[in-house]
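Colleague: So TrEMBL says this about it:
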- R14: site 'Transition state stabilizer' (SITE)
- Y19: active site, proton acceptor (ACT_SITE)
- N71, H77, D84, L98, S99, R108: substrate binding site (BINDING)
- H97: active site, proton donor (ACT_SITE)
Amino acid sequence: MVLNGPNLNLLGTREPDIYGTETLDDIAGRLEDEARELGVAVDLRQSNHEGHLVDWLHEAASVEARAVILNAAAYTHTSVALRDAVAAISVPVIEVHLSNPHARERFRHRSHISPVARGVIAGLGAEGYSLALRAAATL
Ligand code: DQA
């Protein structure tokens, strides 16, 4: 399961100097091709609502997803609820960011997700999702 948080539906036009010009649909299409080669299935979703992301993490556990790739976007820095949801499930969660939050504003330096994530990939653009998928397929 590949979960994306707020404003990531605007990828492609949203601050392209930071987030690149690929849309979330472009990323989804590429991940589907790569998943086929790896022999795994991907289910990519996006929501601007914190509770949807919490519900989907619970769903990942109930369907026994092999892994979750999570770009919680701004909720990374604010959401104890998402952190608790990640901690509550036994499905491994790989945190992904297109940009490198540590090289940006101070308020982006803290991630509530990182302490409970299996791994973190940041700053490599959309390629980070592909790297996470490759890692997820081995879990
Ligand atoms: C982001 C980084 C976050 O700080 C930001 O709020 C986002 C996107 C990234 O992918 O680089 O919305 O998660």
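Cβ atoms are placed via backbone N, Cα and C, with glycine included.
Just so you know, TrEMBL annotations are computer predictions that nobody has curated.
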Colleague: Counting across all protein chains present, how many other Cβ atoms fall within 10 Å of the Cβ of N71 (substrate binding site)?
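Modeller: Excluding its own Cβ, N71 (substrate binding site) sees 26 Cβ atoms within 10 Å.
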Colleague: Within 10 Å of the Cβ of Y19 (active site, proton acceptor), how many other Cβ atoms are there?
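Modeller: For Y19 (active site, proton acceptor), the 10 Å Cβ neighbour count is 19.
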Colleague: When you measure from the Cβ of L98 (substrate binding site), how many other Cβ atoms are you left with inside 10 Å?
Modeller: 23
Colleague: Going by C-alpha positions, which of the recorded positions (R14, Y19, H97) is nearest R108 (substrate binding site)?
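Modeller: Closest candidate to R108 (substrate binding site), judged by Cα separation, is H97.
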Colleague: Return the residues near S99 (substrate binding site), defined as same-chain residues 6+ apart in sequence whose C-beta is under 8 angstroms from its C-beta, sorted by sequence, else 'none'.
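Modeller: When sequence neighbours closer than 6 are ignored, S99 (substrate binding site) has I18, Y19, A122, G123 within Cβ distance under 8 Å.
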Colleague: Quick one: pull the CA-CA distance for N71 (substrate binding site) versus H97 (active site, proton donor), whole Å only.
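Modeller: That separation, Cα to Cα, works out to 6 Å.
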Colleague: Taking the Cβ of each of the recorded positions and counting other Cβ atoms inside 10 Å, which one has the highest number: R14, H77, H97, R108?
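Modeller: Result of the Cβ crowding comparison: H97.
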Colleague: Which residues of the same chain, at least 6 positions away in sequence, have a Cβ lying under 8 Å from the Cβ of D84 (substrate binding site)?
Modeller: none
Colleague: Can you see whether DSSP assigns L98 (substrate binding site) to helix, strand or coil?
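Modeller: Looking at the DSSP assignment, L98 (substrate binding site) belongs to neither helix nor strand, so coil.
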Colleague: Please report the distance from the Cα of H97 (active site, proton donor) to the Cα of R14 (site 'Transition state stabilizer'), rounded to the nearest angstrom.
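Modeller: Here the two Cα atoms lie 14 Å apart.
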Colleague: Kindly assign R14 (site 'Transition state stabilizer') to one of the three DSSP-derived states: helix, strand or coil.
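Modeller: It is coil.
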